[in-house]
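Quick notes on the structure that follows.
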Amino acid sequence: MDRIRIVGGNALNGIIPISGAKNAALPLMIASLLTSDTLTLENVPHLADVEGLIRILGNHGVDIAVNGRREHQDGSYSRTVHFTCRTVADTTAPYELVSKMRASFWVIGPLLAREGQARVSLPGGCAIGTRPVDLFIEGLTALGAEMEIDGGYINAKAPKGGLIGARYTFPKVSVGATHVMLMAASLARGTTVIGNAAREPEVVDLANCLNAMGAKISGAGTSTITIEGVTSLSGARHRVLPDRIETGTYAMAVAMTGGDVTLSGTDITLLDTAIEAIRRAGAEVSAVDGGIRVIGHGDAIRPVDIVTEPFPGFPTDLQAQFMGLMTRAHGVSHVTETIFENRFMHVQELARLGAKITLSGQTARIEGVTRLRGAPVMATDLRASVSLVIAGLAAEGETMVSRVYHLDRGFERLEEKLTRCGAIVERISD
Ligand code: EPZ
(Lines of atoms letter the chains of each structure in order from A and count residues from 1; the text may use other names and numbers.)
(Lines give C-alpha, C1' and ligand atoms only; values in the text may rest on other atoms or scores of the structure.)
Protein backbone atom coordinates (compact mmCIF):
# COMPACT_ATOMS: atom_id res chain seq x y z
CA MET A 1 0.00 0.00 0.00
CA ASP A 2 1.36 3.44 -0.93
CA ARG A 3 2.52 5.91 1.68
CA ILE A 4 3.33 9.60 1.43
CA ARG A 5 6.51 10.95 2.97
CA ILE A 6 6.66 14.63 3.78
CA VAL A 7 9.59 16.60 5.08
CA GLY A 8 8.09 19.74 6.57
CA GLY A 9 9.37 23.26 6.90
CA ASN A 10 9.38 24.62 3.35
CA ALA A 11 7.20 27.54 2.31
CA LEU A 12 5.05 27.01 -0.79
CA ASN A 13 5.69 29.25 -3.79
CA GLY A 14 4.41 28.98 -7.36
CA ILE A 15 1.28 27.89 -9.18
CA ILE A 16 -1.09 25.07 -8.25
CA PRO A 17 -3.60 24.18 -10.96
CA ILE A 18 -7.01 23.30 -9.53
CA SER A 19 -8.77 20.29 -11.00
CA GLY A 20 -12.40 19.76 -11.87
CA ALA A 21 -14.55 19.09 -8.79
CA LYS A 22 -14.95 15.45 -7.78
CA ASN A 23 -18.30 16.19 -6.17
CA ALA A 24 -19.59 17.84 -9.34
CA ALA A 25 -18.13 15.24 -11.71
CA LEU A 26 -19.80 12.30 -9.94
CA PRO A 27 -23.46 13.46 -10.27
CA LEU A 28 -22.77 14.79 -13.78
CA MET A 29 -21.48 11.39 -14.85
CA ILE A 30 -24.57 9.74 -13.33
CA ALA A 31 -26.77 12.13 -15.35
CA SER A 32 -25.53 10.36 -18.49
CA LEU A 33 -27.96 7.55 -17.58
CA LEU A 34 -30.85 9.90 -18.40
CA THR A 35 -30.29 10.01 -22.16
CA SER A 36 -29.49 7.70 -25.06
CA ASP A 37 -27.31 10.45 -26.58
CA THR A 38 -23.72 11.26 -25.68
CA LEU A 39 -22.95 13.45 -22.69
CA THR A 40 -19.48 14.93 -22.99
CA LEU A 41 -17.84 16.23 -19.83
CA GLU A 42 -14.71 18.37 -19.93
CA ASN A 43 -12.35 18.97 -17.02
CA VAL A 44 -13.05 15.57 -15.46
CA PRO A 45 -10.49 14.92 -12.70
CA HIS A 46 -8.43 11.76 -12.73
CA LEU A 47 -9.33 10.30 -9.33
CA ALA A 48 -10.00 6.89 -7.85
CA ASP A 49 -13.67 7.81 -7.22
CA VAL A 50 -14.15 8.88 -10.85
CA GLU A 51 -12.54 5.67 -12.13
CA GLY A 52 -14.73 3.67 -9.72
CA LEU A 53 -17.89 5.35 -11.00
CA ILE A 54 -16.79 4.75 -14.61
CA ARG A 55 -16.78 1.01 -13.81
CA ILE A 56 -20.17 1.23 -12.08
CA LEU A 57 -21.76 3.10 -14.99
CA GLY A 58 -20.29 0.53 -17.39
CA ASN A 59 -22.29 -2.06 -15.48
CA HIS A 60 -25.50 -0.12 -16.25
CA GLY A 61 -24.65 0.00 -19.96
CA VAL A 62 -22.83 3.31 -20.34
CA ASP A 63 -20.09 3.33 -23.02
CA ILE A 64 -17.23 5.55 -21.96
CA ALA A 65 -14.48 7.07 -24.11
CA VAL A 66 -11.70 9.12 -22.55
CA ASN A 67 -9.91 11.71 -24.68
CA GLY A 68 -6.14 12.05 -24.40
CA ARG A 69 -4.84 14.25 -21.66
CA ARG A 70 -3.03 17.41 -22.64
CA GLU A 71 -0.65 19.18 -20.28
CA HIS A 72 -0.96 22.96 -20.14
CA GLN A 73 1.67 25.54 -19.25
CA ASP A 74 0.69 25.71 -15.59
CA GLY A 75 0.95 21.93 -15.26
CA SER A 76 -2.81 21.34 -15.37
CA TYR A 77 -4.37 18.58 -17.40
CA SER A 78 -7.70 18.63 -19.09
CA ARG A 79 -9.54 15.39 -19.59
CA THR A 80 -12.66 15.07 -21.66
CA VAL A 81 -14.85 12.02 -21.20
CA HIS A 82 -17.77 10.94 -23.40
CA PHE A 83 -20.61 8.95 -21.82
CA THR A 84 -23.19 7.19 -23.97
CA CYS A 85 -26.00 5.04 -22.58
CA ARG A 86 -27.89 3.90 -25.71
CA THR A 87 -29.88 1.42 -23.62
CA VAL A 88 -29.79 0.72 -19.92
CA ALA A 89 -28.26 -2.74 -19.58
CA ASP A 90 -29.05 -3.32 -15.91
CA THR A 91 -31.27 -1.46 -13.44
CA THR A 92 -29.62 -3.12 -10.43
CA ALA A 93 -26.78 -1.45 -8.55
CA PRO A 94 -25.26 -4.26 -6.47
CA TYR A 95 -23.95 -4.07 -2.91
CA GLU A 96 -20.33 -4.80 -3.94
CA LEU A 97 -20.30 -1.58 -5.98
CA VAL A 98 -22.52 0.76 -3.93
CA SER A 99 -20.75 -0.08 -0.66
CA LYS A 100 -17.43 1.03 -2.22
CA MET A 101 -18.72 4.42 -3.28
CA ARG A 102 -21.72 6.05 -1.67
CA ALA A 103 -22.44 8.42 -4.55
CA SER A 104 -23.21 5.43 -6.78
CA PHE A 105 -26.49 5.09 -4.82
CA TRP A 106 -27.56 8.21 -6.75
CA VAL A 107 -28.11 6.11 -9.91
CA ILE A 108 -31.51 5.38 -8.35
CA GLY A 109 -32.80 8.75 -9.67
CA PRO A 110 -32.03 8.39 -13.39
CA LEU A 111 -32.74 4.64 -13.51
CA LEU A 112 -36.18 5.16 -11.99
CA ALA A 113 -36.94 8.12 -14.25
CA ARG A 114 -35.78 6.50 -17.49
CA GLU A 115 -36.61 2.82 -16.93
CA GLY A 116 -39.44 3.08 -14.41
CA GLN A 117 -37.61 0.84 -11.97
CA ALA A 118 -34.40 0.42 -10.04
CA ARG A 119 -32.98 -2.00 -7.50
CA VAL A 120 -30.19 -0.29 -5.64
CA SER A 121 -28.25 -1.56 -2.65
CA LEU A 122 -28.43 0.50 0.53
CA PRO A 123 -24.97 2.04 0.91
CA GLY A 124 -24.50 1.35 4.63
CA GLY A 125 -22.61 3.61 7.02
CA CYS A 126 -19.15 5.01 6.45
CA ALA A 127 -16.24 6.33 8.47
CA ILE A 128 -17.71 9.81 8.94
CA GLY A 129 -21.21 8.85 10.07
CA THR A 130 -24.31 6.70 9.61
CA ARG A 131 -25.44 8.50 6.45
CA PRO A 132 -29.06 7.34 6.09
CA VAL A 133 -31.12 7.47 2.85
CA ASP A 134 -34.53 8.39 4.27
CA LEU A 135 -34.61 11.71 2.36
CA PHE A 136 -34.13 9.94 -0.98
CA ILE A 137 -36.96 7.55 -0.13
CA GLU A 138 -39.31 10.38 0.92
CA GLY A 139 -38.47 12.54 -2.08
CA LEU A 140 -38.92 9.81 -4.68
CA THR A 141 -42.10 8.62 -2.95
CA ALA A 142 -43.44 12.16 -3.36
CA LEU A 143 -42.89 11.75 -7.13
CA GLY A 144 -45.15 8.70 -7.03
CA ALA A 145 -42.54 5.95 -6.76
CA GLU A 146 -43.15 2.85 -4.69
CA MET A 147 -40.13 2.31 -2.51
CA GLU A 148 -39.62 -0.96 -0.69
CA ILE A 149 -36.63 -2.19 1.28
CA ASP A 150 -35.84 -5.86 0.75
CA GLY A 151 -32.69 -7.79 1.58
CA GLY A 152 -30.51 -4.70 1.93
CA TYR A 153 -31.78 -3.27 -1.34
CA ILE A 154 -34.28 -0.56 -2.23
CA ASN A 155 -36.71 -1.70 -4.90
CA ALA A 156 -38.08 1.42 -6.54
CA LYS A 157 -40.92 1.41 -9.04
CA ALA A 158 -42.45 4.35 -10.88
CA PRO A 159 -46.21 4.50 -11.55
CA LYS A 160 -47.42 3.42 -15.01
CA GLY A 161 -46.61 6.31 -17.34
CA GLY A 162 -43.65 7.44 -15.20
CA LEU A 163 -42.88 9.64 -12.22
CA ILE A 164 -45.27 12.50 -11.47
CA GLY A 165 -44.18 16.05 -10.59
CA ALA A 166 -44.95 17.12 -7.01
CA ARG A 167 -44.15 19.62 -4.30
CA TYR A 168 -41.69 18.27 -1.76
CA THR A 169 -39.79 20.04 0.99
CA PHE A 170 -36.77 18.31 2.50
CA PRO A 171 -36.85 18.25 6.33
CA LYS A 172 -33.03 18.54 6.22
CA VAL A 173 -30.62 19.79 3.56
CA SER A 174 -29.00 16.98 1.57
CA VAL A 175 -26.70 17.45 -1.41
CA GLY A 176 -27.13 13.90 -2.71
CA ALA A 177 -30.92 13.81 -2.31
CA THR A 178 -31.17 17.17 -4.11
CA HIS A 179 -29.08 15.79 -7.02
CA VAL A 180 -31.33 12.73 -7.23
CA MET A 181 -34.54 14.77 -7.18
CA LEU A 182 -33.22 17.04 -9.97
CA MET A 183 -32.45 14.04 -12.15
CA ALA A 184 -35.67 12.15 -11.39
CA ALA A 185 -38.00 15.15 -11.72
CA SER A 186 -36.45 16.21 -15.04
CA LEU A 187 -38.19 13.27 -16.71
CA ALA A 188 -41.37 13.34 -14.57
CA ARG A 189 -44.79 14.34 -15.87
CA GLY A 190 -45.63 17.87 -14.71
CA THR A 191 -43.86 20.31 -12.43
CA THR A 192 -41.85 19.54 -9.29
CA VAL A 193 -41.02 22.14 -6.66
CA ILE A 194 -38.30 21.18 -4.19
CA GLY A 195 -38.16 23.13 -0.93
CA ASN A 196 -35.12 23.33 1.37
CA ALA A 197 -32.91 22.19 -1.51
CA ALA A 198 -29.14 22.09 -1.15
CA ARG A 199 -27.57 25.28 -2.55
CA GLU A 200 -24.07 23.89 -3.17
CA PRO A 201 -22.30 25.01 -6.39
CA GLU A 202 -22.23 21.33 -7.43
CA VAL A 203 -26.06 21.33 -7.44
CA VAL A 204 -26.01 24.40 -9.69
CA ASP A 205 -23.48 22.68 -11.96
CA LEU A 206 -25.73 19.62 -12.30
CA ALA A 207 -28.78 21.81 -13.01
CA ASN A 208 -26.84 23.72 -15.70
CA CYS A 209 -25.79 20.49 -17.35
CA LEU A 210 -29.32 19.04 -17.20
CA ASN A 211 -30.67 22.26 -18.73
CA ALA A 212 -28.10 21.93 -21.53
CA MET A 213 -29.52 18.43 -22.05
CA GLY A 214 -33.01 19.91 -22.44
CA ALA A 215 -34.31 19.91 -18.86
CA LYS A 216 -36.28 22.88 -17.52
CA ILE A 217 -34.84 23.66 -14.10
CA SER A 218 -34.92 27.07 -12.44
CA GLY A 219 -33.86 28.28 -9.01
CA ALA A 220 -30.79 26.03 -8.56
CA GLY A 221 -28.49 27.73 -6.06
CA THR A 222 -31.47 28.89 -3.99
CA SER A 223 -33.42 26.72 -1.56
CA THR A 224 -36.44 26.43 -3.89
CA ILE A 225 -35.88 24.63 -7.18
CA THR A 226 -38.59 24.25 -9.82
CA ILE A 227 -38.37 21.49 -12.42
CA GLU A 228 -40.79 21.26 -15.32
CA GLY A 229 -40.66 17.67 -16.51
CA VAL A 230 -39.82 16.91 -20.15
CA THR A 231 -40.36 13.66 -22.08
CA SER A 232 -36.73 13.09 -23.02
CA LEU A 233 -33.28 14.55 -22.61
CA SER A 234 -30.56 14.81 -25.24
CA GLY A 235 -26.78 14.84 -25.15
CA ALA A 236 -24.73 17.92 -24.26
CA ARG A 237 -21.21 19.16 -23.71
CA HIS A 238 -20.47 20.52 -20.24
CA ARG A 239 -17.37 21.64 -18.34
CA VAL A 240 -17.08 20.41 -14.73
CA LEU A 241 -16.73 23.33 -12.34
CA PRO A 242 -13.45 23.82 -10.39
CA ASP A 243 -12.98 21.93 -7.14
CA ARG A 244 -13.71 24.38 -4.30
CA ILE A 245 -12.55 21.86 -1.69
CA GLU A 246 -9.20 21.34 -3.40
CA THR A 247 -8.96 25.15 -3.72
CA GLY A 248 -9.61 25.69 -0.02
CA THR A 249 -7.25 22.88 0.95
CA TYR A 250 -4.26 24.39 -0.86
CA ALA A 251 -5.16 27.89 0.35
CA MET A 252 -5.03 26.55 3.92
CA ALA A 253 -1.73 24.78 3.19
CA VAL A 254 -0.18 28.10 2.11
CA ALA A 255 -1.64 29.88 5.14
CA MET A 256 0.03 27.19 7.25
CA THR A 257 3.49 26.99 5.63
CA GLY A 258 3.79 30.58 4.47
CA GLY A 259 4.64 31.51 0.88
CA ASP A 260 2.94 32.91 -2.19
CA VAL A 261 0.88 30.65 -4.42
CA THR A 262 -1.53 31.23 -7.27
CA LEU A 263 -4.32 28.66 -7.45
CA SER A 264 -5.14 28.64 -11.16
CA GLY A 265 -8.35 27.63 -12.90
CA THR A 266 -10.56 28.23 -9.88
CA ASP A 267 -13.04 30.83 -8.69
CA ILE A 268 -12.99 32.67 -5.36
CA THR A 269 -16.79 33.02 -5.29
CA LEU A 270 -17.21 29.26 -4.86
CA LEU A 271 -15.92 29.39 -1.30
CA ASP A 272 -16.57 32.80 0.24
CA THR A 273 -17.06 31.57 3.79
CA ALA A 274 -13.88 29.49 3.84
CA ILE A 275 -11.86 32.34 2.25
CA GLU A 276 -13.15 34.69 4.94
CA ALA A 277 -11.97 32.25 7.65
CA ILE A 278 -8.53 31.91 6.01
CA ARG A 279 -8.22 35.70 5.85
CA ARG A 280 -9.20 36.04 9.49
CA ALA A 281 -6.48 33.51 10.27
CA GLY A 282 -4.01 35.98 8.79
CA ALA A 283 -3.39 34.96 5.16
CA GLU A 284 -3.91 37.38 2.28
CA VAL A 285 -6.30 35.98 -0.31
CA SER A 286 -7.28 37.82 -3.47
CA ALA A 287 -8.97 37.09 -6.79
CA VAL A 288 -6.54 37.32 -9.72
CA ASP A 289 -7.02 36.72 -13.41
CA GLY A 290 -8.01 33.06 -13.78
CA GLY A 291 -7.69 32.11 -10.14
CA ILE A 292 -6.82 33.07 -6.58
CA ARG A 293 -3.58 34.31 -5.02
CA VAL A 294 -2.77 33.30 -1.46
CA ILE A 295 0.04 34.81 0.60
CA GLY A 296 0.64 33.02 3.86
CA HIS A 297 2.68 34.19 6.83
CA GLY A 298 3.29 30.82 8.44
CA ASP A 299 4.15 31.66 12.02
CA ALA A 300 1.60 34.44 12.43
CA ILE A 301 -1.62 32.38 12.36
CA ARG A 302 -4.57 33.78 14.31
CA PRO A 303 -7.20 31.59 16.02
CA VAL A 304 -10.60 31.53 14.30
CA ASP A 305 -13.75 29.68 15.35
CA ILE A 306 -15.77 27.94 12.64
CA VAL A 307 -19.02 25.96 12.46
CA THR A 308 -19.72 23.69 9.48
CA GLU A 309 -23.02 24.26 7.71
CA PRO A 310 -24.66 23.52 4.37
CA PHE A 311 -23.62 25.96 1.60
CA PRO A 312 -23.10 28.92 1.81
CA GLY A 313 -21.79 28.09 5.31
CA PHE A 314 -18.33 26.74 6.08
CA PRO A 315 -18.04 23.36 4.24
CA THR A 316 -17.69 20.17 6.27
CA ASP A 317 -15.26 18.98 3.58
CA LEU A 318 -12.78 21.70 4.69
CA GLN A 319 -13.25 21.20 8.43
CA ALA A 320 -10.32 18.82 8.96
CA GLN A 321 -7.96 20.98 6.91
CA PHE A 322 -8.95 24.12 8.86
CA MET A 323 -8.36 22.29 12.12
CA GLY A 324 -4.91 21.40 10.80
CA LEU A 325 -4.26 25.11 10.24
CA MET A 326 -5.54 26.03 13.69
CA THR A 327 -3.11 23.62 15.40
CA ARG A 328 -0.43 26.29 14.94
CA ALA A 329 -2.53 29.39 15.70
CA HIS A 330 -1.50 31.80 18.46
CA GLY A 331 -4.34 31.02 20.85
CA VAL A 332 -7.42 28.86 21.23
CA SER A 333 -9.93 28.15 18.47
CA HIS A 334 -13.07 26.02 18.22
CA VAL A 335 -14.26 23.89 15.33
CA THR A 336 -17.87 22.67 15.44
CA GLU A 337 -19.08 19.96 13.06
CA THR A 338 -22.83 19.97 12.43
CA ILE A 339 -23.15 17.88 9.25
CA PHE A 340 -21.64 14.49 10.10
CA GLU A 341 -21.59 12.99 13.59
CA ASN A 342 -18.22 11.29 13.39
CA ARG A 343 -15.98 13.56 11.39
CA PHE A 344 -13.20 14.04 13.94
CA MET A 345 -10.98 11.06 13.24
CA HIS A 346 -8.12 13.35 12.29
CA VAL A 347 -7.96 14.65 15.87
CA GLN A 348 -6.02 11.65 17.20
CA GLU A 349 -3.67 11.69 14.22
CA LEU A 350 -3.01 15.45 14.48
CA ALA A 351 -2.22 14.83 18.17
CA ARG A 352 0.56 12.49 17.03
CA LEU A 353 2.18 15.51 15.38
CA GLY A 354 1.97 17.45 18.64
CA ALA A 355 -1.39 19.22 18.24
CA LYS A 356 -3.37 19.98 21.40
CA ILE A 357 -7.03 19.23 20.71
CA THR A 358 -9.82 18.25 23.08
CA LEU A 359 -13.23 17.09 21.96
CA SER A 360 -16.51 17.89 23.63
CA GLY A 361 -19.50 16.56 21.70
CA GLN A 362 -19.45 18.07 18.23
CA THR A 363 -16.91 20.76 19.11
CA ALA A 364 -13.13 20.53 19.07
CA ARG A 365 -11.08 22.96 21.16
CA ILE A 366 -7.70 23.57 19.59
CA GLU A 367 -4.91 25.16 21.57
CA GLY A 368 -2.34 26.35 19.07
CA VAL A 369 1.23 25.10 19.56
CA THR A 370 4.41 26.80 18.40
CA ARG A 371 5.61 23.77 16.54
CA LEU A 372 4.47 20.42 15.24
CA ARG A 373 6.85 17.49 14.93
CA GLY A 374 6.73 14.96 12.11
CA ALA A 375 5.49 11.42 12.95
CA PRO A 376 3.93 8.39 11.27
CA VAL A 377 0.17 8.98 10.89
CA MET A 378 -2.71 7.16 9.30
CA ALA A 379 -5.24 8.52 6.82
CA THR A 380 -8.80 7.73 7.91
CA ASP A 381 -10.96 9.42 5.29
CA LEU A 382 -10.42 11.64 2.32
CA ARG A 383 -10.47 15.09 3.91
CA ALA A 384 -8.99 13.92 7.21
CA SER A 385 -5.99 12.56 5.37
CA VAL A 386 -5.24 15.78 3.55
CA SER A 387 -5.36 17.65 6.86
CA LEU A 388 -2.45 15.42 7.93
CA VAL A 389 -0.56 16.35 4.78
CA ILE A 390 -1.07 20.06 5.50
CA ALA A 391 0.09 19.63 9.08
CA GLY A 392 3.04 17.55 7.88
CA LEU A 393 4.11 20.35 5.53
CA ALA A 394 4.39 22.69 8.50
CA ALA A 395 5.86 20.15 10.95
CA GLU A 396 9.56 19.79 11.73
CA GLY A 397 11.07 16.64 10.29
CA GLU A 398 9.46 13.69 8.56
CA THR A 399 5.79 12.76 8.48
CA MET A 400 4.80 9.47 6.90
CA VAL A 401 1.11 9.21 5.95
CA SER A 402 -0.13 5.66 5.42
CA ARG A 403 -3.36 4.46 3.79
CA VAL A 404 -3.11 7.14 1.10
CA TYR A 405 -5.74 5.45 -1.05
CA HIS A 406 -8.12 7.77 0.81
CA LEU A 407 -6.25 10.76 -0.65
CA ASP A 408 -6.30 9.28 -4.14
CA ARG A 409 -10.10 9.29 -4.02
CA GLY A 410 -10.23 13.07 -4.14
CA PHE A 411 -6.91 14.83 -4.74
CA GLU A 412 -5.48 14.69 -8.24
CA ARG A 413 -1.67 14.44 -8.39
CA LEU A 414 -1.27 15.92 -4.91
CA GLU A 415 2.46 15.16 -4.52
CA GLU A 416 3.25 16.64 -7.91
CA LYS A 417 1.28 19.84 -7.28
CA LEU A 418 2.96 20.43 -3.92
CA THR A 419 6.45 19.46 -5.08
CA ARG A 420 6.27 22.00 -7.92
CA CYS A 421 5.78 24.67 -5.24
CA GLY A 422 8.82 23.68 -3.22
CA ALA A 423 7.43 21.12 -0.77
CA ILE A 424 9.24 17.87 -0.09
CA VAL A 425 6.54 15.27 -0.68
CA GLU A 426 7.03 11.86 -2.21
CA ARG A 427 4.96 8.76 -2.73
CA ILE A 428 6.49 5.54 -1.55
CA SER A 429 5.07 2.43 -3.18
CA ASP A 430 5.76 -0.69 -1.11
C1 EPZ B 1 -22.05 15.23 -0.27
O2 EPZ B 1 -22.37 14.01 0.39
C3 EPZ B 1 -20.57 15.14 -0.58
N4 EPZ B 1 -20.32 13.99 -1.42
C5 EPZ B 1 -19.77 15.04 0.71
O6 EPZ B 1 -18.39 15.04 0.38
C7 EPZ B 1 -20.09 16.26 1.59
O8 EPZ B 1 -19.41 16.13 2.81
C9 EPZ B 1 -21.59 16.34 1.84
O10 EPZ B 1 -22.29 16.36 0.56
C11 EPZ B 1 -22.00 17.57 2.62
O12 EPZ B 1 -21.57 18.72 1.95
C13 EPZ B 1 -20.45 14.08 -2.73
O14 EPZ B 1 -20.84 15.09 -3.28
C15 EPZ B 1 -20.06 12.89 -3.55
P16 EPZ B 1 -25.64 15.01 2.37
P17 EPZ B 1 -23.88 13.61 0.64
O18 EPZ B 1 -26.70 14.12 1.87
O19 EPZ B 1 -24.70 14.10 -0.48
C20 EPZ B 1 -27.90 13.50 6.28
C21 EPZ B 1 -16.19 14.23 0.38
O22 EPZ B 1 -15.31 14.18 1.27
N23 EPZ B 1 -28.81 12.73 5.41
O24 EPZ B 1 -25.68 16.46 2.04
O25 EPZ B 1 -23.89 12.15 0.93
C26 EPZ B 1 -26.46 12.97 6.26
O27 EPZ B 1 -26.31 11.87 7.11
C28 EPZ B 1 -17.63 13.87 0.70
O29 EPZ B 1 -15.96 14.55 -0.79
C30 EPZ B 1 -29.91 12.14 6.01
O31 EPZ B 1 -30.14 12.26 7.22
O32 EPZ B 1 -24.20 14.41 1.95
C33 EPZ B 1 -25.70 14.20 6.72
O34 EPZ B 1 -25.78 14.31 8.11
C35 EPZ B 1 -17.80 13.30 2.07
N36 EPZ B 1 -30.75 11.40 5.23
C37 EPZ B 1 -26.48 15.36 6.09
O38 EPZ B 1 -27.78 14.81 5.76
C39 EPZ B 1 -30.55 11.24 3.88
O40 EPZ B 1 -31.36 10.57 3.23
C41 EPZ B 1 -25.89 15.92 4.82
O42 EPZ B 1 -25.54 14.87 3.94
C43 EPZ B 1 -29.42 11.87 3.30
C44 EPZ B 1 -28.57 12.61 4.09
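Backbone N, Cα and C define each Cβ position, glycine as well.
Here TrEMBL flags 8-418 as domain 'Enolpyruvate transferase'. Feature annotation from TrEMBL assigns phosphoenolpyruvate binding site to Lys22, Asn23. Sequence annotations record features per position, and here TrEMBL assigns UDP-N-acetyl-alpha-D-glucosamine binding site to Arg102, Arg131, Pro132, Val133, Asp134, Leu135, Lys172, Val173, Ser174, Val175, Asp317, Ile339. Feature annotation from TrEMBL assigns active site, proton donor to Cys126. According to TrEMBL, the 2-(S-cysteinyl)pyruvic acid O-phosphothioketal annotation covers Cys126.
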State the count of C-beta atoms found within 10 angstroms of the C-beta of Asp317 (UDP-N-acetyl-alpha-D-glucosamine binding site), not counting that atom itself. 24
What residue among the binding-site residues Arg102, Pro132, Asp134, Lys172 has the most other CB atoms lying within 10 A of its CB? Arg102
Write down the Cα-Cα distance for Asn23 (phosphoenolpyruvate binding site) and Pro132 (UDP-N-acetyl-alpha-D-glucosamine binding site), rounded and given in Å. 19
What three-state class does DSSP give Asp134 (UDP-N-acetyl-alpha-D-glucosamine binding site)? helix
Any same-chain residues 6+ apart from Asn23 (phosphoenolpyruvate binding site) with CB under 8 Å of its CB? Would you list them in sequence order, or say none? Val175, Glu200, Glu202, Asp243, Ile245, Asp317
If you count other C-beta atoms within 10 angstroms, which of the binding-site residues Lys22, Ser174 is the most crowded? Lys22
Pairwise over Arg102, Arg131, Pro132, Val133, Asp134, Leu135, Lys172, Val173, Ser174, Val175, Asp317, Ile339, annotated as binding UDP-N-acetyl-alpha-D-glucosamine, what's the top Cα to Cα distance to the nearest Å? 22
Whole-number answer please: how many Å between the C-alpha atoms of Asp134 (UDP-N-acetyl-alpha-D-glucosamine binding site) and Lys22 (phosphoenolpyruvate binding site)? 24
Roughly how many angstrom lie between the C-alpha atoms of Arg102 (UDP-N-acetyl-alpha-D-glucosamine binding site) and Lys22 (phosphoenolpyruvate binding site)? 13
Tell me, what is the mean pLDDT of the domain 'Enolpyruvate transferase' (8-418)? 95
